[in-house]
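Feature annotations, reproduced from Swiss-Prot:
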| type | residues | note |
| --- | --- | --- |
| BINDING | 45-50, 60-61, 66-67, GLN89, 124-125, TRP169, ARG179 | FMN binding site |
| BINDING | LYS50, TYR107, ARG111, SER115, ARG175, ILE176, HIS177 | substrate binding site |
Amino acid sequence: MIKKDPIELFDLWYNEVLAVSLQDKKDPTAMVLATCSKDLKPSARVVLLKKYSDQGFVFFTNMNSRKGKEMAENPSVALVFDWSRISKQVRIEGRIKMLPCNDADEYYASRPRGSQIGAWCSKQSSVLENREDFVELIKEMTIKFHEKPIPRPDYWVGIVVVPMLMEFWQEGLNRIHTRYQYTRDSNNMDKWNVVSLYP
């Protein structure tokens, strides 16, 4: 039966793969994030889903990285969840918006201190000329922030992917897969139109 709300279906599948992941230790929050620069060069990488709701899918990143710069140039992105161990996949197309600063601050403060310091020291996606210098900088910053709260760098932000299209794929016998595609109504963001696609 096709559900009217794709977030409800996502939640159902996510909890299914989460139960399996408790046994096989594979991270169900891993998702491929595809971005595209203003000169139409695509790139993709794996990031981690931190939360989701009717408002969208949240992850955190360094906006000075390649993906950050590309999202600043072109806010249209795509996500893919490959949940092969339950024979399912979810594909999402949407646009990004920034998570409020206080939400980013709250999540940043919950991270291990080593990860917080790493966010200050890593010039993500830039050429690393000397790894020893990088390690030394981490040591210096560790001393600087010893027994002090570590503030969130301005460039380290939360991103919400607001879905405009969601496709759910389920493996079938003899490659007769099941595919449901949900698209948001352009006149009513609370309304989704759903169709079944050929495999």
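Including glycine, each Cβ sits where the backbone N, Cα and C put it.
Remember, predicted model here, so these are calculated numbers, not experimental data.
Checked against ARG45 (FMN binding site), the binding-site residues TYR107, SER115, HIS177 differ in C-alpha distance, with SER115 being the nearest. DSSP assigns SER115 (substrate binding site) to a helix. Calculated from their C-alpha atoms, the gap between SER115 (substrate binding site) and SER125 (FMN binding site) amounts to 17 Å.
Neighbour counts were taken at the CB atom with a 10 A radius for the binding-site residues GLN89, SER115, SER125; the maximum falls on GLN89. Non-local neighbourhood of HIS177 (substrate binding site): TRP169, GLN170, GLU171, PRO199, each in the same chain, at least six residues away, with C-beta under 8 Å from its C-beta. Sequence-distant contacts of VAL47 (FMN binding site), defined by Cβ-Cβ distance under 8 angstroms and a gap of at least six in the same chain, are ALA30, MET31, LEU33, PHE59, THR61, LYS67. Rounded to a whole value, the Cα-Cα separation of LEU49 (FMN binding site) and ARG175 (substrate binding site) is 29 Å.
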